[in-house]
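These notes are about the structure you will find just below.
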Amino acid sequence: MILWSPSTCSFFWHWCLIAVSVLSSRSKESLRLSWSSDESSASSSSRICPLSNSKSVRLPQYPRGFGDVSGYRVSSSVSECYVQHGVLVAAWLVRGNFSDTAPRAYGTWGNERSATHFKVGAPQLENDGALRYETELPQVDARLSYVMLTVYPCSACNRSVLHCRPASRLPWLPLRVTPSDLERLFAERRYLTFLYVVLVQFVKHVALFSFGVQVACCVYLRWIRPWVRGRHRATGRTSREEEAKDD
């Protein structure tokens, strides 16, 4: 019969722990190797796939450099713009060297808070070679503070911005005025002109009212009153004749 002493048991237990640790380390190493092999295979497959399909992908060509465009530019310009009855009318006369007879251009109007772009029609060629741009925009904001034209002398040139500050345009006797005109004058701080326009409108409406009253009185006295009197006389005559017959 074998007797297990305490020293023998501790020795046996020590060697069991060593064996278990060795086996666990080998299993971890094999698992790490298998995981690394899977990752390497996945990365190699992901690298190989695009190369196999690279023949079907067409890369864009590198853009060629533009030539010398320093000669294309806007040399001078004259602008005129105004607002009347809520309609913005603007015109620009542009001179310079352009690569095309109708260079690309667009317009912008707005104020300090917002801006709105609009299309500009084809320019008109003047006798001296200048280009004339004209535009007419209805129902614009009465508080607009600027309108500008952006012109590109060539396709690769920097833009040239031509500014213009519109002002309200009214005749010396403003008989026809819209609320937009009054709002525009108030926004421009032309208070004296604003009061003058209001006074003219007040006098105009008073004159129209008095004229209407006079026309109504004339019509009544000329046609309506004689017709009413004649009708009363006719009815009175017929009533008297009927009374005489009854008697």
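Each Cβ is built from the backbone N, Cα and C atoms, and glycine gets one as well.
Here Swiss-Prot annotates a disulfide bond for Cys164; of Cys16, Cys49, Cys81, the partner residue is Cys81. Around the Cβ of Asn97 (N-linked glycosylation site), 12 further Cβ atoms fall within 10 Å across all displayed protein chains. Each of the recorded positions Cys81, Asn158, Cys164 was scored by the number of other CB atoms within 10 A of its CB, and the lowest score belongs to Asn158. Across the topological domain 'Lumenal' (28-192), mean pLDDT in this model comes to 80. Here the CA atom of Asn97 (N-linked glycosylation site) lies 22 Å from the CA atom of Cys164 (disulfide bond).
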